[in-house]
Each structure stands twice: as C-alpha cells, then as structure tokens.
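Colleague: The structure that follows is given in the form of structure tokens.
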C-alpha cells in the first residue's frame, strides 16, 4: 500500500495474531460492500485507521456505537467473512509530505500508481501491495538552514531545503506543526534518503528524530499563524474570467456545467497558465546558433521545427516538442583560452573556438569541483582553525528571486579544540558524495552572484560525439573504384597525410625519409588503392621526401599522365570536400563519421605534421596555417573526447628574410583517448601502444567568460519530458533546453507552452503549480471520498512553504456521489436526491481550508490555497443539490452554458449568470496597476446586459426599429462576444492572455463604443458610419492577434496606435 495507507502499514509488518495484545483486535460483525461493521472495538477513535481481515485491508472508522465500529474500507472487500480479525493502529489516515511529491501520480489515498505498476507488472492495484508514497531509494541533496545545535525550534520552522527538480528548486524541509524542542544534532549538507535521520530534537528530556518527510492526518487542516485577506488576483489567462469574474489567490471558485461544456479545458487552462507559482526556467539562443542534429548534420536554431530531432550528449536523438521565441537581454559565452595573448599585443589573435550567445534566463549547464581546504588564522589574538568547503546553497537575486547555487561555506573554531575536529569535518565532507564535482544549472544573468573562488572553479562541458554515421563508407560504396573492405581506413589515413603536408593541386605530400615504418605504410596503403607511390628527394628540408601517388591504370611504359587521373585519393579530396576553393579543409561530416575512421584520419594527420611528447602526460601538437583546417581539426578532436586548445602564432619575417604567415598550433591531450589514436600511427616517433583496458569517452570541461550584450531576439527549443533536457550545439557544447519541467502528470504538462510575465522589470516565465490526485476507475467509493482530503492536505503543505497553490477538484460531483453511496450503506436518512443531510457541512469543511495565510514558524512566509471545483450536475441543472451547496460556500461562480458550447463559443461562460464576490477586494490591486480596470469592467457588463434586453426587442420588432444608439450597443456587444469573450486555446496568440493585454483590449472595445456613440450623438448616421469605419472595427477585432510573447511594452504601443487611429478615423468620418 502507499501514502495514506502506508503510514499505518509500515507499523504493522505483515503481522500475525500473536504479535499484538488481544485488546487491540476486534472481529468483523457484518460486511456491506466497502462498509464493514466490527465488534469488540471499545477504545477505538473516530477516523482511526484499522487493518481488516487476514489480508490487512486498510480502512477508517467513521462511526462508533457501543463496542461496534463502522469502517469504510479503501480496498476491495471481496473474501472478507464474519469473525475475521480487525486490528486497531491507533493512528489516523495520513499522507506523507516531503521531497518527491511533485514527480509522482497518486490515487485518492496517496498510492504511487507508477511505482505500483512497476512492482506488480499489472494495470490494476493488487490487494495488500506495499509501496511507499515517497520513493525511499532516491538520495536528495540536503542543505541545512540557519538552525544550529543548541537552538530552539518549533512547529513549522524551516531547518533545511532540498533541490527537488528545476520546477521546485528549493523544497523547504519543515518541522511538523505539533513538534518543538532544542536541537541536539543536525545533519551536515549532503545526500540523504527519506528514511535517514536529518534532525534530532530534545523536549522535556525526550529525544525525537526527524527525516526529510513527515506525515499529517488528511482530515485535520494544517495550522497557520494567521489567516489573511486575499488581495491578489488568480490570473487564469482567460479574458472573460480575468476581466469580468476574477478570482483571488486563496479564493474558492465553482465551475458547474453539463457534459461537453468545457469544464476540464478551463481546469487544465488554470493548471497550465495561472499565476499560482512561476518556477519554470526558459533558456534560448541567438539567431544563427548552429545546433547538431540527430543525423550529424548542422542546422541553424531558427530553422529547426517541432518534431525535428537534435543530438543528445549520449549520441542519441532528442525530439523537439516546442519552439519558444521572444526578445530579451542576451549574453555572450566565450571559452577562456589557455594561451591568452597579452592585452597590449593587438597583432596576436586568440581563437575563441567555443562560444555561443544566449538569453538572460538561459540555464548554463555547469560543473564545480567539490572543494575542501583547511586554514589557520588569528582573530583578536586567538588562533582558529577554519575549514572552507563548496556546498549547494541559496542566494537572493537583486529582483528577489531565490537562486540555487554553489557557495563557499566556512566553519571555524578555536585551535584549542585540537586539529581532530577539523580533520573530522574534512573527512565527512569527502565522504558525503562519491562525485568529484557538483553538476548544476544557473541562469546566465545569475552568474554574477557567484563568489570569486566558486566562479573561478566553475566550468561548462563539451561532449564527445558518440553518434556514428557511415558517410565515408557510403562514399566508398558508390565510388567507381572497386576497393577492398579496408578502403575507408586506407583512404582516411592517406587523406590525413595529405591535409598535413600535401600540395593543394595534386595527390602529393611530403614524409620524413628517415622514418622507414611510415614510408612502408604509405607504400602498402597506396597498393591497396591500386596506386603507385613514387618518392623524390627534396632540397629543403633534406630529410624530407615527396611522395607522388598515381594510378597504375594510366601511367607507366613511358607515359606520364596527370597525377590526378583515375586516382581514388584525389577523387576523395575533391568529392568529399577536403579541398574547397583551392584551400585545404576538414569537412564537418567527419566529426560524426565512424569513430575508427575519425581516429585513422587524425593518426595520418599526426604522422604527417604532428609532434608527440610524453612529458607530463601524453600530448600531441599539430600546426597549420589554414583556419578551415584549424576549425575542422578542433571539432574532430573534440568529437573523439580529446582536450583541445589552440595558440595563434603571428605572421613574421625570419632572419633569412622569409615571410611566415600566421599559424595555429592545436594542442591535444586526453590520456587513453589519445593513446587509441596514436596506436593507429605508423611514424616511429608518433606510435604508442593502444590502452590495455577499455575506456570511456567523457565530457570535457572548459572555463568561460560571460559578457552582457544588448536586447535581441532569441530562439529556443524544448525537448520531450522523458529526456535529460540537454543537447549539443554544433561546437559540441552541452546546453540545456528551454522550458524545463519536473512533473510527470503528462496530460497536463505535455502541452505547457513557454509563457512570460513582467516581474520586477524582467521577463519571467509563468508556470502553474498543479495539485492532481487521480482516482483509478476500479477503486472503491470510500477511497474516492478520501481523495479530496488528500489533495487539500498536499496543497496546504506547499502553502506552508510559502507557495501559492491551486487545487482543482474535477469533479466534486463524483465526490458527493461517493458520500451518497456510503451514507446509503450506513442507513442514514437521505435528503434531496438521496444525498446525505450533512452534504453542505462536508463541502464547507473542505472549502474552508482554502485561503491566504502566514505559515507557522520562521522565517516568515505567506502562501495561499485556491480551490477551483468543477461540478457536473445531471443535465446541466444548476438547482442540483451539489451545485446549490457549493454556490452557497464559494465566492466565484463561472457558469458554463451548453448552448454556447454547442455554438463552439469557448470558454462557454454565460456572462448573465456568472458572478464574482472578489471584485471589491481586488480594487487595491487594480488601483495600483490598472486604475481604469473596474470602470471598464462595469461598462463592458453594462453593454452586454443592455444588448441582452435589446435582443428580445429585436425578436419582436426587428433591428431597423431600434435607434442608432441601441444598434451600436448591439454591434459592440457582438464584437465583445466574438473577439473578447471567445479565446482560441490552441493558438499561440490566444492560448494565454496576460492581464495587461486583457486591459488594453478592454480599452480598445470600450473606446470603439464611446467614439461611435459620440459620433451618433453629433448627428452621424450609424449605418453609413459603420461602413466608413469598417477598418477600425476590423482593427479592434484583430487586436486579439497581438502576440503576448512580443512583450508588454511593444504590444501596449500597438494598442496606443490603434486608439489614436480610432479617434482620427471617427473624427474624419463625422466632419
């Protein structure tokens, strides 16, 4: 079992009757579906958890009568018989609250459905399965808070935090509300599972241990310090709701509607777009950034489409599911060269080979080595030991955001305590993780928050290209030359020799005449290509020989043909792009070709033009004057997993007057990876034996600098949820995708587009935190009844962390039906339509748990729980008892109309029956942000209301009988209904409408109405005026097409233009 039921079950490990006192047992008296009556239950409490039968089915006491207790059982009761044992646990039905909640789908009693499926290999939940609600195997990175040993701590105090995922970057660890005491031990920063002790507290001489999670009874509201008045809107992104019937963060809302009216669409729209919690990180790149595609090709980021596949760092494809676009301050990321030119030496170039441009909120994938060092220092005459470590922590950004980053943490104490304490700290830090580094992400704009030592140590990575295509082999297959199976290897090696020291107009290159093994290799390989190798001595340098490779077919017997005729090597040089516009070039396809082919080509290049040394580890150096060879070689070496750096040597004239062009030295190292390349060399000074053991091609680090650029357009790609959200740019830098998500509720999250809101002057992505408890179809009704309490308890837990949470109950009618069934089995007196008389009280006890509150404990934090309940009355009848009871409690009513839904008018909100009681509460918010908002809202409601009355008149006497003023009211009302109240949820421009766009649209529609009424009042004829200002009406209607992604400032400018044009056009038309 899990969660709610696991909390009791873990106390009772498959027990036998002998394990407990006889007084703890009762016996089954009767069974009626999920309702079981047990006798001999004196001493049990209401809502106590019990174990029913030999299978330990979990149930809850819901009525006590003498020694008999009525129990609702949360599992199938088939097979229970009278006389079976019933064991009392002494605990209420509770849920587990801690890290891991947001990555699991639960059923109504907090059973993790995915974990149960994996354990049972069944799509059904077997009876008695024992799976904990929160995964006990995952290790969480715990960072202690400000509390230390000796401090007093009370319920709700935050004593640490955990990095759960990129969505919940700081999951606060709270002391359970009913606990308190003095801290006697707290765990240092490190990785812990949920079962490991984190905190030890002593109160009244009794010690208690606490872990990363705690349990809480679902039927008991979590206590708060103070309930506050909610005064901030719950922005849904739906114009009709945000403008006319707003809800607040911490409010209660009812959405009744018949089947097919769009309740679930509105609920999911809330899940996706509302402002309950905005913790999505979006990272994107500048136009022209080259991305490595899954097939090894290179594509500009702006040309990538949804469905394309990019390459991951493991060589496997990653599918693109979204393409975020926008405009933001950009940052240039540039590799720090190991061969930095002096600033005064302007003649010397420093090749910056790893670089890209990203937006401010792009997440850089970085690593920081774990570091611990010990110092001794004297403070006020006292000598201290100081242990300084790098640890994951938090820092507040200037705009108030909490940023998760690596920090330098210092601990010091008098030297009189001896060095043992310092050694102990150093040792515990080293043992805390088996990784040598922290792998984490940080937004580009936040890099300046890092301390100098951490910033200096932090680096990014580039990955080897593990993907292999057969471009080279396919070329050989299609070649007119019938070569042996060794053809690709032979050709790759000779191409390497030619790139290193060959002539750019023929298949000729130079070799060292003293290196007999190299000359033998050339002769052997030439033979395999059906070529002859002709050696000629060179004057300069004397030790070199020129090797001409020519075809046996067309040369000999006194005939001296062109060296390039019928020559497979020359054909490959030209055909594969090794010679471009008369200049040597290493084509990009080579970096994704077969790894053996890449290594052989590089071995040929090293044999021809390389230098190998064993000083301080194996290294190889190649020099070239061609930038195309330099860039291609760097890309090729990195694709194999080698460490590469480049040094530029400026152009010069030597003592003999010889001019030397600018040249580049490419330095390569990489241990076994490089040894494997050198094992394919033939040169006696270059060859090294292959590594004896297998080796892995790892990501390599590079240190980088960041420079802020001006604002510009950015282009992003979002990868599928089941990937690691990382892919490779064409230069093999490992980068993060846009729109990282941490939740597995696929039906809500798969379609999350990247959205932004303006917060503290910077663009922030919007993300709605969803609380979803999904009941399986074959669960007993008792579990369905409990599910609503499970959901609200989870919501309250996140509220206590200082978050704004929305709970969506879809549908509370199903919950009420479960109440009705249990009530019927208990034989209670039915009320209206068979529902129990206490339906209203039960609903109220649930809705009263919503609200904005100051959480218990320190530091001070404010959170809210908003409840949105979808109700499904039979036939759309709003007089249904569940709807009536809900309307009596909730403050906002979004009534859905089946007729509107049938006309495909979505959201199908009936404006004449819907209402919100929060409009006055929100006036303070509107006054400080959009002062005209309440007036515009009232005007819009007035127009719609007047139009409804006029429509009845029109049905009697026709539209022509109306005055021009009334005709304007009707026409503008139609415009509002079609272009303001309706929204296309499947478009980029209308899926989410920010409050600022809603406000500007209201101004535009009301201004159009006022200008028209003013013109008619001045004597204009409306039918003629409507024709002459048709373009203005079209512009007002089209204002919904303004893309919110362009930003508030730009879109507001468009509306200002529209308003000034409107005034001019009406003025012209009435003159």
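In case you wondered, yes, glycine gets a Cβ from its N, Cα and C as well.
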Colleague: Looking at 154, 823, 928, 987, which residue has the phosphoserine feature per Swiss-Prot?
Modeller: 928
Colleague: Looking at 131, 368, which one is marked phosphothreonine in Swiss-Prot?
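Modeller: Among 131, 368, the one Swiss-Prot marks as phosphothreonine is 131.
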Colleague: Looking only at DSSP and grouping its letters into three states, which state does residue 262 (ATP binding site) belong to?
Modeller: coil
Colleague: Go through 258, 261, our binding-site residues, and report the one whose Cβ sees the most other Cβ atoms within 10 Å.
Modeller: 261
Colleague: Rounded to an integer, what is the Cα-Cα distance in Å between residue 858 (phosphoserine) and residue 257 (ATP binding site)?
Modeller: 43
Colleague: List the residues of the same chain that sit at least 6 positions away from residue 260 (ATP binding site) in sequence and have their Cβ under 8 Å from its Cβ, in sequence order, or write 'none'.
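Modeller: Listed in sequence order, they are 898, 901.
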Colleague: What does DSSP assign residue 131 (phosphothreonine), in three states?
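Modeller: DSSP call for residue 131 (phosphothreonine): coil, neither helix nor strand.
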Colleague: What is the total of other Cβ atoms whose distance to the Cβ of residue 262 (ATP binding site) is within 10 Å?
Modeller: 22
Colleague: Report the mean pLDDT of the predicted model across the domain 'DOD-type homing endonuclease' (494-642), rounded to a whole number.
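Modeller: Mean pLDDT, the domain 'DOD-type homing endonuclease' (494-642): 83.
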Colleague: Between residue 259 (ATP binding site) and residue 928 (phosphoserine), what is the CA-CA distance rounded to a whole number of Å?
Modeller: 40
Colleague: So for residue 928 (phosphoserine), how many other CB atoms are inside 10 Å of its CB?
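Modeller: Residue 928 (phosphoserine) is surrounded by 8 other Cβ atoms within 10 Å.
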